[in-house]
Amino acid sequence: MPPPAERVPWRWLAAGRASRSLVLVVVFVALLLDNMLLTVVVPIVPTFLYATEYEGANSSVAPARTEPAPPALEAPPFSSMFSYFDNTTVIISGSTSATELANGTESSRPSQPSTSSPPPASGCPEGEEFLAKENVRVGLLFASKALVQLVVNPSVGLLTNRIGYHIPMFIGFIIMFLSTVMFAFSGTYTLLFIARALQGIGSSFSSVAGLGMLASAYPDDCERGNAMGIALGGLALGVLIGAPFGSVMYEFVGKSSPFLVLAFLALLDGALQLCILQPSKICPESTTGTPVFTLLRDPYILVAAGALCFSNMGVAMLEPTLPIWMMQTMCSPKWQLGMAFLPASISYLIGTNLFGILANKMGRWLCSLIGMAVVGISLLCVPLAKNIYGLIGPNGGLGFAIGMVDSSMMPIMGYLVDLRHTSVYGNVYAIADVAFCMGFAIGPSTGGAIVRAIGFPWLMIIIGVINIAYAPLCWFLRNPPAKEEKIAILSQECPMQTKSYTTQKTLRDFPLTDDSDAEAENAE
């Protein structure tokens, strides 16, 4: 029998596995690393492709253009030239002689090979046509992650219902680690595309399993809202650190360095999951979850998913197009391309943590409505910026507003399942992640094409107007009916209540009022 001192670590592990707080830490770290990898490539990929493909191609073509030019201007193989300096006739060959250099006869020749002109004094990159095409290619590369995640998410939702959340969470870690290492050593567009798509698979496992695990660990609606706000803070922190960290490391250390740091952090996350979650243990749900297609027919879930999709589509369109627009109009150096997203990341971090608590008091539907309106206004202001300082206000407002929407809509998804369906959360958070991914799939892939066709300002106007037009639909989420009710009760002047519902209890009529609990006790 081991002495008590040796049993202390095992007691700590046993207590940790039973602790909801450590589950929240695991999900927080997983979302942090996923979104750091999501955004760390934003400033790196456009400049890396420009350096390797455009500048690399031009530097290899330039010598081929300049070398054949001098022979066309050279003298015949042997010719005579009379020198007025010493009254002698000199026999010269086709190559430049020392006498010619002394007499300055070659003074007019060096000005000829001017094919490789120096870069403009403004520091703006050359190759306008290449940058226009790169908008589309970079947009498709960024969208590949979300497109793959979109396809994989429903399968992961079904898998979590059958085997629990722990094993899919660990599978997500393994795939994310492989994707990060592949990013570090990829040197071509094709390999970067594959690494990005692979990240989508890992992200699908991590996000669906992580959010479902949180919803199961926090059945009370108020506690769940606070926990979701903290977990989304990990997402926000990843977005906050990712782009500036990537741009600074790429500028001063090299392309592989930020990805190797993330790979090391991912290994620490895997060790944490092994200790806390026991990913070899299969824990299926005790009850059968509502099918995905049934949830997709619920109009309230669709409204919530649409809010997640369109609010995040704005920042998704900015990721591939804003750095290239800054290169063209502001002549920004590499480190500024990532720093431009810093205000959005900081304000998103503040918004998710602040409104994870406030949304319960003021109504989550109202937070989402205001948030989507502010998203639209912020996007309309982005093209007005003339330098990086002009982006601080619009990007800050954009991040804060998206934080309002995300911290309100994620708990609403779990609340709607409790209220109208079976309290099993894998499928509904698969839908939430699908909505999130649709924004990040449609945004970059269409954004690059729209910029090439009508320009960056019109892209911001289009997506800004869409967000403002969608915002009033959040009003329908202020008082969703319970599943027994056939007619929606949407006319009551009462915000969404923070109650905990289970499938075993009989659901009373909604919306709840302050006197409803007392009436229920008297009835009993």
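Heads up, the Cβ atoms here are built off N, Cα and C, so glycines get one too.
According to TrEMBL:
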type: DOMAIN; residues: 72-482; note: domain 'Major facilitator superfamily (MFS) profile'
type: REGION; residues: 101-126; note: region 'Disordered'
type: TRANSMEM; residues: 21-45; note: transmembrane segment
type: TRANSMEM; residues: 171-195; note: transmembrane segment
type: TRANSMEM; residues: 201-218; note: transmembrane segment
type: TRANSMEM; residues: 230-253; note: transmembrane segment
type: TRANSMEM; residues: 259-279; note: transmembrane segment
type: TRANSMEM; residues: 300-318; note: transmembrane segment
type: TRANSMEM; residues: 338-358; note: transmembrane segment
type: TRANSMEM; residues: 365-385; note: transmembrane segment
type: TRANSMEM; residues: 397-417; note: transmembrane segment
type: TRANSMEM; residues: 424-443; note: transmembrane segment
type: TRANSMEM; residues: 455-477; note: transmembrane segment
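Mean predicted confidence for the domain 'Major facilitator superfamily (MFS) profile' (72-482): the pLDDT average there is 79. Of the two recorded stretches, the transmembrane segment (455-477) lies close to the transmembrane segment (300-318), with three or more CB pairs under 8 Å once pairs fewer than 6 apart in sequence are set aside. Residues 142, 146, 341, 344, 368, 371-372, 375-376, 378-379, 382, 398-399, 401-402, 405-406, 409, 412-413, 416, 420, 428, 431-432, 434-436, 438-440, 442-444, 446-447, 459-460, 463-464, 466-467, 470, 473-474, 476-477, 480 of the same chain lie 6 or more positions beyond the ends of the transmembrane segment (300-318) yet place their CB under 8 Å from a CB of it. Within the same chain, residues 138, 141-142, 145, 169, 172-173, 176, 179-180, 183, 192, 196, 199, 202-203, 206-207, 210-211, 213-214, 217, 227, 230-239, 241-243, 245-247, 250, 255, 258-259, 262, 265-266, 269, 272-273, 276-277, 319-320, 323, 334-335, 337-338, 341, 345 sit at least 6 positions outside the transmembrane segment (21-45) and bring their C-beta atoms closer than 8 Å to a C-beta of that stretch.
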